[in-house]
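Taken verbatim from TrEMBL:
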- 116-138: transmembrane segment (TRANSMEM)
- 121-407: domain 'Sugar phosphate transporter' (DOMAIN)
- 150-170: transmembrane segment (TRANSMEM)
- 182-199: transmembrane segment (TRANSMEM)
- 237-256: transmembrane segment (TRANSMEM)
- 262-281: transmembrane segment (TRANSMEM)
- 293-312: transmembrane segment (TRANSMEM)
- 332-349: transmembrane segment (TRANSMEM)
- 370-386: transmembrane segment (TRANSMEM)
- 392-409: transmembrane segment (TRANSMEM)
Amino acid sequence: MASVANPVQSPIRASRFSSLYVSPIRISPSIVPLKTRSLASRASGLSFSPLSEKLKPTKPVGVSGEPLRFSGWNQQLRRRGRDEFPVVAAAAADAEGREIEIDGYTKPSKSFAERFPFLITGFFFFMWYFLNVIFNILNKKVYNYFPYPYFVSVIHLLVGVAYCLVSWAVGLPKRAPINMELLALLFPVAFCHALGHVMSNVSFAAVAVSFTHTIKALEPFFNAAASQFVLGHQIPLSLWLSLAPVVIGVSMASLTELSFNWTGFISAMISNIAFTYRSIYSKKAMTGMDSTNVYAYISIIALLFCIPPAVFIEGPKLLQYGFKDAIARVGLYKFLSDLFWIGMFYHLYNQLATNTLERVAPLTHAVGNVLKRVFVIGFSIVVFGNKISTQTGIGTAIAIAGVAIYSLIKANMEEQKRKAAAASASAS
């Protein structure tokens, strides 16, 4: 930015600025953008008439991306501005739309979310846990009078898909375009999602919710095994050692679990394997699409995978006596409302989990996942009054502690890799 060459010695009054065209400026403590077009079009008329001939600038005043400074009387303006001018800051834009700064510029006051980000993140965590706990409790209550997990899995996804379609219709969010290439990438992810979801529900229907979540604590073990033997990634010894308490704790809990049966146990194990492969295929299906749209498309495809087994495995029973028995026990209105709300809570807690985990660092992510499982196990025991043996309780605690240790070690490794990559990128 060119500046006035000679300093101004005489006092400057506000009335002497009548020929300086700055539009639009209002007397207000807020930041007032100066329109580039107006400033550029009047640049030739920029003058300070009645300055003496000795004080004329040696160069024309122009607009650039540098801060706007009037050397010489800059400090005098700043002092007088505090006393006489209520305008404390102003910003403009250069010809390319970049913001330029005038001396005395003050940033606008931050919004509540910017000033207290920890409160917003805490609210996201609370809603994620709350919706997850409500879903697990309501889901188990439905199975107590309607034990058809394949059909209930379809309802979960069906309500979520309807929610996504309505959201797309109103443009929140805007639907991302998709083609056959993207569908081919998302199909294996959706299949693993459908299989893991159905098997989880089969386990929930067969055994206590706390026991299913104890078995699902083994998921990090399957993730590490798949990374080592399927993807060929070298897993450090420290990670393998941290998984030992998980395996030992789950084994202790399983041996004395009062609600144990092989259907619930095997279904939970299949769910672990399915979700492990879902993670593997998800890394291969990085499409650049936002997570909300990706989850919507995966839900639609997974629904198509879930419908056939529900029809062939449970369809005849449902038509013969399944629906009639449920309506006779709780009534049509409660039956339909329960099905709707478990689907809504299922979709919302998954969506909130995605939104929450995008806001935090990997270490917080790991701790959050472990605490979520603790919350679900604890609330399910209290709500349903499940009796557990002392050995089962100790085994569950050991397994959760092992998951926490594993998650913390892995999160620290990921953070070190990220910092190393950032350092190498900045060095280059």
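Here the Cβ of each residue, glycine as well, is placed from N, Cα and C on the backbone.
Taking every listed stretch (182-199, 237-256, 370-386) in turn, the largest tally of C-beta pairs under 8 A with the transmembrane segment (293-312) is reached by 182-199. Highlighted: of the candidate stretches 116-138, 150-170, 237-256, 262-281, 116-138 has the greatest count of Cβ pairs under 8 Å to the transmembrane segment (370-386). Remote same-chain residues near the transmembrane segment (150-170) are listed as 139, 142-143, 194, 197-198, 201-202, 205, 296, 299-300, 302-303, 306-307, 309-310, 313-314, 318, 322, 339-340, 342-344, 346-347, 350 (criterion: CB distance under 8 Å, separation of at least six residues from the stretch ends). When pLDDT values are averaged over the domain 'Sugar phosphate transporter' (121-407), the model yields 87. Here the transmembrane segment (262-281) has Cβ contacts under 8 Å with residues 188-189, 192-193, 195-197, 199-200, 202-203, 206-207, 211-212, 215-216, 218-219, 222-223, 225-226, 230-231, 254 of the same chain, all six or more residues outside its ends.
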